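Novice: As annotated by TrEMBL, transmembrane segment applies to 26-50, 59-78, 98-120, 132-151, 198-216, 237-260, 272-292. The feature domain 'G-protein coupled receptors family 1 profile' is assigned by TrEMBL to 41-290.
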Amino acid sequence: MERGNQTGVRSFLLLGFTEDPNLQPLLFGLFLSMYLVTFTGNLAIILAIISDSHLHTPMYFFLSNLSFADIGFTSTTIPKMLWNIQKQSQVITYAGCLSQAFFFIVFGCLDNLLLAVMAYDRFMAICHPLHYMVIMNPWLCGLLALGSWSLSVTGSLLMTLTLVRPSFCRSMKITHFFCDLPEVLKLACSNTIINNTVVYFMTIILGITPLSGILFSYSKIFSSILRISSAKGKYKAFSTCGSHLSVVSLFYSTGLGVYLSSAVTSSSRTSLVASVMYTMVTPMLNPFIYSLRNRDMKGALGRLISRAPSLIHRVFRGLS
């Protein structure tokens, strides 16, 4: 491991979950399986939405963006962790750490913003059904998606730049399996008040603000559903946002669990295990939540799977 004295470092050590060589193969197999399920499930959602014209609606457009964000979210951290386990190495370069932190924040913020946009979409569909198609037109949907991406990239760039300014002269051991921004900033020996202020400010903008939008949208949705007289009408209205509400609950409960666990205990291992929930488990479960609870999605996935053999045959025939 190489490190600088006042200007910076060349590498960090990702301590990960354990240094026990007997547990390394088990962890490798477990996390590889989770990554493959996450990648395959979210990719299937994207392909099903693209290939089925019945799913070319605002809700599924935003869902395809969410699935892409989940693929990027997990691809930022898990492959590097698997590589380190396989190579029996804990090293990540300074540039690699910056890149990992940048893309992790991009896709994490994108998840937040897209969930808020999808809540707004459900709000318009349930509370203003007669004006839904006029308001949620392709131009606005594209603008909301582009705005989510732009805010995520800009916010991530500002937060990642906080790692460029400090001097690192302590032990370069990160008690995590990826370059988590707060954990890296703890290693700085220079004053990090400005850095932490920037991080907290951007967290409020890109984390708390979308959550507030989601809570506001669902407060209006629930009040609108309660005004429906028939039980069948209430169930139909609620079923249109059930999958999204499940994903929101899972994402924010696991994310808050990480910060609450780190606040009530000094054990970094507890926070490490808790972080697995929102970085790995939640993106892995999202495709199942949307496919199992959605008849249109199940139909599109079924048609995609039935066409898969012929598509593969055509690809191999073209290559030959």
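From the backbone N, Cα and C atoms, a Cβ is placed for every residue, glycine too.
Automated prediction, rather than curation, is the source of TrEMBL annotations.
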Novice: Determine which recorded stretch among 26-50, 59-78, 132-151, 198-216, 272-292 has the most C-beta pairs below 8 angstroms with the transmembrane segment (98-120).
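Specialist: Answer, by Cβ pair count: 59-78.
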Novice: May I ask which of the stretches 26-50, 59-78, 132-151, 198-216 has the most CB pairs under 8 A with the transmembrane segment (272-292)?
Specialist: 26-50
Novice: Within the domain 'G-protein coupled receptors family 1 profile' (41-290) only, compute the mean pLDDT.
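Specialist: Its mean pLDDT is 85.
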